[in-house]
Amino acid sequence: MSETILEDIFTKRSQQKKKTSPLNYKERWFVLSQEKVAYYDFDSDKGKRKGMKGSVDLEKIKCVEMVQSEPNTPPERLFAFQIVYDEGPLYVFAKSEDIRTQWIKKLKEMVRFNKDVMQKYHPCFWLDGVWLCCKQEVKQAMGCKVLDSKNGFSSNASRRRGSRKPLPPTPTEEKCVRPLPPQPPETPSPSVGMTVIAEYNFAPVTPQDLELRKDEEYTILEMSDQNWWKARDKYGKEGYIPCNYVVEAENGLERFDWYSKNMNRSQAENLLKTENKDGGFLVRDSSKAGKYTVSLFTKSGGETGGSCRHYNICTTAEGQFYLAERHFFSTIPELINYHQHNAAGMVSRLKYIVSNRALPPSTAGFGYGEWEIDPHNLTFIKELGSGQFGVVKYGKWQGQHDVAIKMIKEGSMSEDDFIEEAKIMMKLRHENLVQLYGVCTKQRPIYIVTEFLSNGCLLTYLREGLMQHPTAVQLLEMCKDISEGMAYLESQQYIHRDLAARNCLVDGNGSIKVTDFGLSRYVLDDEYTSSAGSKFPVRWSPPEVLLFCKFSSKSDIWAYGILMWEVYTLGRLPYERLNNTEIVDQVSRGLRLFRPQLANEKVYNIMTSCWMDKADERPTFQELALTVQDLLYELQ
Ligand code: ADP
C-alpha cells in the first residue's frame, strides 16, 4: 500500500452525480497518497478508519483551489476547497484555514505536471444547477476566474499553442445526445510577466497608453482590466495597450502573416477571390476544432475567375505535420515554408500570402479608460440610414479610423441613464459584437460612436440578395457568428432584448456582428417599449415577454431562433400574414414558424429548440454555438 502523505477528517459534500441524488454533507476520513486522494467511512468513537467510500486518482485532477463560502455558512463548513477532476468538483471542508492551506499546497504541488490542468476555475460553488460565481447554468462551463499561474506553476508548456477563437464551454452531459466535435487544446491564459509580440501598430491616444510597433516585444505588467493591459517596451517605457493587439511570444502561429486567426471557409474564399492572385493562400483554423486548413486560390483548372482549394493540415501519430502528400515536418511554419517552394500534390505551390491583418481589430474604446470622444476628432462622410434614435453617419475618427456615428435625436433616449450604461457597454468586446468606441456627451445631440461595418444591416443584406446564391455553409456561418457574439453576452449576463436581423450588421468579409444590445431600455417611445405598442418586437418575443414582460437570456434565445429563421428565409417577415394581436394570441397557444425551404431538419431543430414554451427548456447560447459548429463541421 502506498505511503500516506496527509490525512485528516473533512466534511465532504455529496457530488450529486445523478440528478436525483440529494445534496448532503458527511464526515469522511481523507487520505492523500502518492497516487490518489481516498476517503473513508470511520468510527468516530474508536477513531478507526473503515471502508473506502471513494477516491480520485491524482493524475485525473485538473485543479485544486479554495471555494468562497456562502453567506450564513455554518462554522463547520467555512474552509472549503475543491478538487476538480473529470467528474466535476469534489467539495471538501477543512476544520481550519491552516489545514485547508496545507492540503491545497500539497495537492497543487503533486498535480502540477498533470496534462489537463485548468487555467480557469469557478471560485464559488455549483449549487442547484448554477455556478454561484458567474451564474452559468452548465456544469461543465469553463471557469470564470483565471488562475494567477497554472496551479502555482508557470512553464513554457503552459504557453499558448496557436490560439484560436475561444470555444464556448461544453454543454451538460445530460443534454448532449451525440458526441461533441473535438475540442481544441485549451488555450492557456497569459499571465503577468510574460513576453508578448505586437501583431499590429497602436498609436497612443491618452497619455497613459503605450505605443505598439508591429513585431516588437513587450512585457506584460498588469492585467486587471479585461481589455487594456499595462506593458513595458524594450526601452523601459510603460503604459496601457489593447490586449487583442498582442500575442504571446512563444510559438503561436499568430506571428505569421499567412495565419488568419478566426477566419472561416467562406471568408477565406471571399478574401482570396478579392485578391485574385494565382497561388494566393492563407492558413486558417479548420472547422474541426484544434486543426488548421490551408486555403489556396488557383486560376488553373478551367473555372472562370479561378477557384479555391482547401487542404487540411494532417498530423501523424508521432505529431508530425503534412499536407497533400506525405512530406513530414515537425512544425506548421516549416511545412508552409516547404510548400511555398513546392506544390508537392497541391494544385500549385503557395505563392502569395493573403492576409486579413491589413485592418487591426477593434479596441474597447480608442485608448485606456477613454470613453468620452472629442467631436472635433470626428469627420462626417455620408449618411448610412436612420433608426429609432435618428440619423446614423459613416465617418472617420482622427481622419483615419472608420466609425459609425449615431446622432441621438433629442427626446428619443433617456440620455443620462444611457451615458452611465455606456461605460459598461464599452467593456464588452467580442469579434461578433459591434464595438462601442465611446460617446460625445458634452453637446446636443449626443453621439454614440461605434465600429463601422461596410456591408450594413443584415436584414437588407439578406433581402437584397447581396450574397448571390448563398450556400448552406454561408447561412450556417452567419448563425454561428451570431451565436458566438450572443454566447459572450450571455457569459457577461447581458441581455440584448431586441435581437433580430435588423440589429445585426455585416462586415466587409461577410462576418456578422450583433449591435444595439441593451439599447432598447433607453428608448423614449411607448410604441416601442410597451409590449402592446406598434413598434414592440412582438414577432421576436417569447410568450413570457408578451404576457409578463419577462426578459432573460432565454428570451434572447427565442429571438435567436426567429433570427435564424430570418436568415434561412433570406429576410422574410416572421408570421407575415398575422398582425401583432394575432401573434400574441397564437404564439401563446403554441403556433410556431414553419421550416424555411433552405433549412434542413437539423437546422430547423435548432430553431424549434429556441421556441420551447418553457424558457428553461431552451438551450443556452453556449450550447447553441457548439451545436451550430458541430453542424458546420458535418457540412464541410
Ligand atoms: P437606431 O439604433 O437608431 O435604430 P440603427 O442601428 O437601426 O439605428 O441604424 C440605422 C441604419 O444605419 C442601419 O440600418 C444600418 O444600415 C446603418 N448602420 C447603423 N450602424 C452601423 C454601423 N455600425 N456600420 C454600418 N452601418 C450602420
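Heads up, the Cβ atoms here are built off N, Cα and C, so glycines get one too.
TrEMBL entries are annotated by machine, without manual review.
Marked as domain 'PH' by TrEMBL: 3-112. Here TrEMBL flags 153-192 as region 'Disordered'. Annotation comment: TrEMBL describes 179-188 as compositional bias 'Pro residues'. Marked as domain 'SH3' by TrEMBL: 191-251. Here TrEMBL flags 258-354 as domain 'SH2'. Annotation comment: TrEMBL describes 378-632 as domain 'Protein kinase'. Among the features that TrEMBL reports, ATP binding site is placed at Lys406.
When pLDDT is averaged over the domain 'Protein kinase' (378-632), the result is 94. Among the listed stretches 3-112, 191-251, 258-354, the one sharing the most Cβ pairs under 8 Å with the domain 'Protein kinase' (378-632) is 258-354.
A C-beta separation below 8 Å, combined with a sequence spacing of at least six in one chain, links Lys406 (ATP binding site) to Gly387, Phe389, Gly390, Val391, Val392, Tyr447, Ile448, Val449, Thr450.
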